[in-house]
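Here's what TrEMBL has on this protein:
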| type | residues | note |
| --- | --- | --- |
| REGION | 436-463 | region 'Disordered' |
| TRANSMEM | 12-33 | transmembrane segment |
| TRANSMEM | 53-80 | transmembrane segment |
| TRANSMEM | 92-110 | transmembrane segment |
| TRANSMEM | 116-138 | transmembrane segment |
| TRANSMEM | 248-270 | transmembrane segment |
| TRANSMEM | 282-303 | transmembrane segment |
| TRANSMEM | 315-334 | transmembrane segment |
| TRANSMEM | 340-362 | transmembrane segment |
| TRANSMEM | 374-393 | transmembrane segment |
| TRANSMEM | 405-425 | transmembrane segment |
Amino acid sequence: MGAVKGEDALDGGWGWMIVLASFMAQFLSFGSPQSVGVLYPEWLSAFQEGKGMTAWVGSMVSGVALITSIGCGLVYAATLTITCQYFDMRRGLALGIVTTGTSLGGFIYATLQNELIELFGLEGCLLIVGALALNLMACAGPMRPMKLPGYYLKQRAALQRTEEPEPLYTKPTAIIIDSDLKTTSGSADNTATIKLLIIKEPTELQESEGERKSGILTCSVVARAIKKRMRPYGQYLCESVELLQDRVFMAFCIAIFLFSLGAFPPVLFMEDVAQSEGLIDGIALIPLVSIVAMTTGIGKLVLGILADMRWVNSLYLYALTLTGTGTALLLIPVSKSYMGLQILSAAVGFFSGNWSLTSYITTKIVGIERLSQAHGILMCFGGFGITLGPPVVGWFFDCTQSYDLAFYFSGTCVLLSGLFLFLFCSTLPCRNRMSEEGNSPAEEDINTSQQPTLDCDKVASVA
């Protein structure tokens, strides 16, 4: 499938098909993990383990996906990256719509899984959820790259070379290394040598001709091939270290870790909190996790629209949502009614819609060219937080037989992340920096000239 070309692809056109496909991909891949709180009481009953040990099941689903980018992590990274490539002025809105797929999925899957458990049991429910996830393959169809990647162009060029009338590897007698090398069809050594020569570029053949004549072929060729293969990995490592040296990006990573550590456990434990406190028997028709998912979707849309507004500081907006989430979590142990838990669940869900801002802010910090790599590092921090949060909260309950201390811990972590980001942005040293080329129109509207700008001004105007 061809690539979408030209600036006409930005902020419209085929980009809306990308948004639709990405929305459905996140709906199918993260709907069940977002509503894992419905499954948590079933796991407790099935495995007969402590809450801390059982919590690993739910935390590993989302946490590992973000740390190693396997399973759902592949979907999450791909959909956000391609959406950022297709949108600029409306990037916040587009990301808000895409990430709402996760929330809508969590809302629907919470009720769906509850009904499936009643009809088919836990195992039958998981089998049906897995079958629904197979529809992800159809979501990949409309995703055309803005520009054809380099590896694809190289593969296509190599394929064209193989279609020439007299390709190199079909006529071994045409390769003359020296008078001592006999290219006979029955020689296994010659065949291996020819195959090795085929994969080498012409410049490499010329450079290593003298070495082959002197009898040093294998070691030199293998060493050069290994060096060539390892070069991209070394470059990636250097670029990652460079990103982590950016103080704004590093502060954002720390905030994401603390937020994920404290904010994800309520998604897993909220239903068990209501049952443990005797506020409800069983699971309500609209579970608390559904309320969290629904209000998260609303939050993603609202925050995404706000981020596109020129007068809004998206980094401070993100810090504000962290503060709001932490405050709501601290109030959960105080609430002694199911209605109170519903209201606090809605507040936690709305402020947790700040996930739609992560790619937006990352793009403003590092640029669209390094978004994929930077977002991967950011999600790795978030993945560790999501993986560790629920087991820690579960162990608090196992030790105290109460969720009060656990939610105080969660709320404190999230509140600290918001305060840390606020304080860091307010104390960031000012130093001159020329405006970088290739800024998005949103940045150009703020930095209206090509004059030198200040780092503190840049951070304060990343929206």
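Every residue gets a Cβ built from N, Cα and C, even glycine.
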Proximity verdict for the transmembrane segment (53-80) and the transmembrane segment (374-393), three or more C-beta pairs under 8 Å: yes
Segment proximity, the transmembrane segment (248-270) to the transmembrane segment (12-33), 3 or more C-beta pairs under 8 Å: no
Leading stretch by Cβ pairs under 8 Å, where the reference is the transmembrane segment (248-270) and the options are 92-110, 340-362, 374-393, 405-425: 374-393
Candidate ranges 92-110, 282-303, 374-393 - greatest C-beta contact count to the transmembrane segment (340-362) (under 8 angstroms): 282-303
Positions whose Cβ lies under 8 angstroms from the transmembrane segment (282-303), at least six residues beyond its ends: 34-38, 41, 92-93, 95-97, 99-100, 102-107, 110-111, 114, 266-267, 270-271, 274-275, 317, 321, 338, 341-342, 345-357
